[in-house]
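The signal peptide annotation in TrEMBL covers 1-22. For CYS32-CYS49, the entry in TrEMBL reads disulfide bond. Annotation source TrEMBL lists domain 'Cupin type-1' at 63-216. Residues or ranges marked as oxalate binding site by TrEMBL: ASN108, HIS113, GLU118. Per TrEMBL, Mn(2+) binding site is recorded for HIS111, HIS113, GLU118, HIS162.
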Amino acid sequence: MSAPNILVVVGLLAFAFYVAYATDPTQLQDFCVGTNDPNNALFVNGLFCKNPMDVTPEDFFRGGLDKPGNTHNNLGFNVSLVSATQLPGLNTLGISLARIDYAPYGLNPPHIHPRATEILTVIEGTLYVGFVTSNLPSGGNKFLAKVLNKGDVFVFPQGLIHFQFNVGKIPAVAIAGLSSQNPGTATIANAVFGAQPPISIDVLSKAFQLDEKVIEYLQSRFWMSTN
C-alpha cells in the first residue's frame, strides 16, 4: 500500500475513533438539570472527587455484608446495596454490589435498573428468576426464566424488567454485581401505582384495561420502598 493510501486509512480510523468517543458520558442519575447559578448547584453527574493526597484505605472499604438483611416486610426480602454512596472509592469506577436476602417465599418484585446490567450469584437457597425483553419487532415481549440453585449465575440486561423469587422453604442469599456506581431501581408496581402525585386514574384504567375502582384500590395500597 502506498504512503498516501496509508495516510488516508489512518485518517479514516482516527475519525472513526473520534466519532466513537465524542459522545456524552453515561448518566449516573435520572437527570441533571443545568444551572448557571453556582449557589443553586447541588449535584454533579456522580460525586465530587476527594483530593488524592487525602485518600485513605477506608475510602475503599466497607464491611457488614456477612450480616443478613431484615426480611420482615410484606415482600420478604432485603437489599443491602454497596454503591458509591456507601463506598466512596467506587466513584467513577462504574461498578457496585448488593447482597440480597430472601425469607422463605420472599420476592424481590419486578423492577428495573435504568443504568446497569446485573449479574446475580446464588449463595444459599433456590431462586426462581426471570426477565422480560423490550418490545420485539414481531410484537409482544419474551419472558426468560430459570430456577437457580447454590452457585448458579444469571444475568439481567440493563433496563429490562426482572425479579427473583425464593421458591424454597429456607432463607436464600444472593450477591449481585451491577455495572454502574449508581444503578438506580424503579420497582414497577411502586412506580405505577405509588407515584406521588398519583398518575391519573383515567390513564391507568385505560392502560391496564381495569375498572377505575380497581385502580383506586391499587393506588391506596402501601407500596414498600426498595433499593
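We count from 1, first residue shown onward.
Each Cβ is built from the backbone N, Cα and C atoms, and glycine gets one as well.
The domain 'Cupin type-1' (63-216) scores a mean pLDDT of 96 in the predicted structure. Excluding HIS111, HIS113, GLU118, HIS162, which define the Mn(2+) site, the same chain contributes ILE112, ALA116, PHE131, PHE156, LEU160, ILE161, PRO183, THR185 within 8 Å (Cβ to the Cβ centroid), listed in sequence order. Excluding ASN108, HIS113, GLU118, which define the oxalate site, the same chain contributes ALA98, HIS111, ILE112, ALA116, LEU120, PHE156, HIS162, GLN164, ALA176, LEU178, PRO183, THR185 within 8 Å (Cβ to the Cβ centroid), listed in sequence order.
Cβ neighbour count for GLU118 (oxalate binding site): 23 (other Cβ atoms within 10 Å of its Cβ, all protein chains included). Between the listed binding-site residues, namely ASN108, HIS113, the fewest other CB atoms within 10 angstroms of a CB are found at HIS113. In this structure, the C-alpha atom of ASN108 (oxalate binding site) lies 9 angstrom from that of HIS162 (Mn(2+) binding site).
HIS111 (Mn(2+) binding site) sits 12 Å from GLU118 (oxalate binding site), counting Cα to Cα.
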